[in-house]
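Noted in Swiss-Prot for the protein shown:
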- 1-33: transit peptide (TRANSIT)
- Lys70: N6-acetyllysine (MOD_RES)
- Lys70: N6-succinyllysine (MOD_RES)
- 174-183, 207-209, Arg319, Gln330, 387-391, 416-418: FAD binding site (BINDING)
- Ser183: phosphoserine (MOD_RES)
- Ser183, Tyr229, Tyr283, Asn291, Glu292, Gly293, Arg294: substrate binding site (BINDING)
- Lys278: N6-succinyllysine (MOD_RES)
- Lys284: N6-acetyllysine (MOD_RES)
- Lys284: N6-succinyllysine (MOD_RES)
- Glu414: active site, proton acceptor (ACT_SITE)
- Lys426: N6-acetyllysine (MOD_RES)
Amino acid sequence: MAVSAFQLWRAGGLLRRNFLTHSSSWKIPPRVLKSSQPEALLSVTNNALCFAPLQTFTDEDIMMQKAVKKFAQEQIAPLVSTMDENSKMEKSVIQGLFQQGMMGIEVEAKYGGTEASFLCSVLVIEELAKVDASVALLCDIQNTVINKLFRKHGTEEQKATYLPKLVTEKLGSFCLSEAGAGSDSFALKTRADKSGNYYVINGSKMWISNAEHAELFLVFANVDPPSGYRGITCFLVDRDTEGFQIGRRENKMGIRASSTCQLTFENVKVPETSVLGKIGHGYKYAIGSLNEGRIGIAAQMLGLAQGCFDYTIPYIKERMQFGKRIFDFQGLQHQVAHVATQLEAARLLTYNAARLVEAGRPFIKEASMAKYYASEVAGLTTSKCIEWMGGVGYTKDYPVEKFFRDAKIGTIYEGTSNIQLNTIAKHIDAEY
């Protein structure tokens, strides 16, 4: 088996080169050299610190982007149309993500992970989405939600048991939404009743991503319904647990290769050791994971929009009408420039939010801004690309119509665009 670029990185097979030049009297802590935080991307000029642009990356970041791009073009691109048509993710794609080290990007090396930065996760998701948003979503959930919940709230025993498998072979699924709990995330009806050393879960979940292939489900249920959201707790449920059933896939408009299923729990019995974190703290964990997850969705929407744009521009530079390239018409040039500017703004919002996470600084408002704006830009970009390509853009012979269908979900999941605006406004109200 070929050794992935991620494995070489983890093994130290690549030399580190940082972006720092400094005097002998100015020492950089070793951890900074391993970071892609803004603090690591600066130089010293005339005794003044000059921060690098948001799109300045470490050598590892650049290497990672190239590795993901190569994998996406060679292993995913040939299967995209078939996966979309059949509404099914090819197992070879999932296996490839694991083999390439893309399913444990931030996970510590002692658990078999790559031990890279949050920004690296964002860059991976963006590159995958340029080819297929469904694959990007699968990778996003595993890295920014499932693994993150274990790393932040799991016991040492849970980490040692689950993380090595989540990094190499086992897909996880985040189970929060219900029929009556969409934007009102904590209006959960699924409950978990204590019975000796066990909890018995009853209820159902809807719109659960990755459910078809997942082997481990992080299920949010209420152990004390009278206490409202303060009774919500996160439970670990294995796929083959008695009483647990996975329903049929939803027949969706977009991201069709990403499975979305209903789950039912009928007297599902799990031990106390299957509680992730503390009893009654599930709502905190869900909020935290969704906040970071929104940056992942922003990256997905950004990559999707960029992939569509990258495919369309060469076409309109070659397509001739009225004796000249359609790109040469000023009206079209202005539209292209407008879209390109919005793409760049979405990229900077997304990267900035990711770097705030790494720096340990408040990021909730910025995450909502990135997710909201990138989703809106994805919808605009893909719609314009179809218009620019004309009739052929409307056919399934070209990928732009799929990008268009995939883009719509960005304004809906991980918090609708209106929910993002509510969050942004709430923070502005507090700031003033």
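Here the Cβ of each residue, glycine as well, is placed from N, Cα and C on the backbone.
It should be emphasised that the depicted structure is a prediction, and the values quoted were computed from it without experimental measurement.
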The rounded CA-CA distance in Å from Gly180 (FAD binding site) to Glu292 (substrate binding site) is 24
Between Lys426 (N6-acetyllysine) and Asn291 (substrate binding site), what C-alpha distance do you get in Å? 15
Distance, Glu414 (active site, proton acceptor) to Lys278 (N6-succinyllysine) (CA atoms, angstrom): 23
Could you tell me which three-state DSSP class the residue listed as 'active site, proton acceptor' falls into? coil
Where Phe174 (FAD binding site) and Gly293 (substrate binding site) are concerned, what is their Cα separation in Å, rounded? 11
Show me the subset of Lys70, Ser209, Glu387, Glu414, Ser417 whose Cα is within 10 Å of Gly293 (substrate binding site); these are the recorded positions I mean. Glu414
Spacing of the two Cα atoms, Ser183 (FAD binding site) and Glu414 (active site, proton acceptor), in whole angstrom, works out to 9
Give me the Cα-Cα distance between the residue listed as 'active site, proton acceptor' and Ser177 (FAD binding site), rounded to a whole Å. 10
